[in-house]
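Single-structure report; data block below.
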Amino acid sequence: MPADKKQRKGAHPYRKPRPNPSDPSSSDKPARPKPTHRIPATEARDGAGIPGLSKLKSSIRQTKRLLAKENLEPGLRVSTQRRLTSLEADLAAAERREVERKNGAKYHKVKFFERQKLVRLIKRFKRKLLDSETSSKKRSKHEEELLDARIMLNYVLHYPNTQKYISLFPSNPNQTEDEDDDDDSSKPKLKLPPLLHPVPSTEECEKMDKPTKRRYDLLLETKRLMEESKLKSEPETDLKKGQVDGVVVGLGADVQIGLGDKKEAKQNAAQGTGEEEDDFFESGDE
């Protein structure tokens, strides 16, 4: 006798029912917790709240297409023109931020090693000044070297990330970072680069190439800012507090120090992602 249709549709008496995914109580395993946060889009991951380059360029194109219409209402045209001006300003800020990000990542290692060298030199000069047997002539020399080392440390800490970094130390593979002050040591000791003293003459300044001249101008500008108390006179103390590279203390991150031509500074910021040779490799050795 054939089985009843209702009995066929019912559950098998010896088969365990399958859990219903819509009913969490029907499953033996604990339900996976749902994520409580959403990953924001790439354009929204900016601390300044500025969208990404692609989104800004797309918005500018759409705004220009809207302004190209002839039958646009006067009020809407004015508001659209204002929006275009705001978008172009945001695009310039985003491009600048991208240049700063790339240069910061590119020269981070170079700045780190030069910062470590300068901190070692500062400790060495401090130790020599504490020596009571040091003569007055040597003491004045050590004070001068200590000041120059601090100027160079501020140079490294506050170098604008919109520009290509110009190295302070020559790329000498045989030079060590040994702090030993023994003059009889066979290994070459770490020495402070003679970039500020002796002071170069006018003829020597005229013979400098462009990267060397720009580095010297930046060092003089850094010294002036230290004299005006806009930069720390003892920058080595800020390293313990997590000093951020590329930030000009007291003036803001948009200040271009040591550059006389503003147009050249804007071109350097706009062309920061170009493929020209880096100034670091042009003037690494002196």
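The backbone N, Cα and C atoms fix where each Cβ goes, glycine too.
As given in Swiss-Prot:
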type	residues	note
COILED	53-103	coiled coil
COMPBIAS	1-18	compositional bias 'Basic residues'
COMPBIAS	204-213	compositional bias 'Basic and acidic residues'
COMPBIAS	274-286	compositional bias 'Acidic residues'
REGION	1-57	region 'Disordered'
REGION	167-213	region 'Disordered'
REGION	259-286	region 'Disordered'
**OP:** Provide the three-state DSSP residue tally for the compositional bias 'Basic and acidic residues' (204-213): helix first, then strand, then coil.
**Re:** 8 helix, 0 strand, 2 coil
Original post:
Averaged over the whole of the coiled coil (53-103), what is the pLDDT?
Top reply: 93
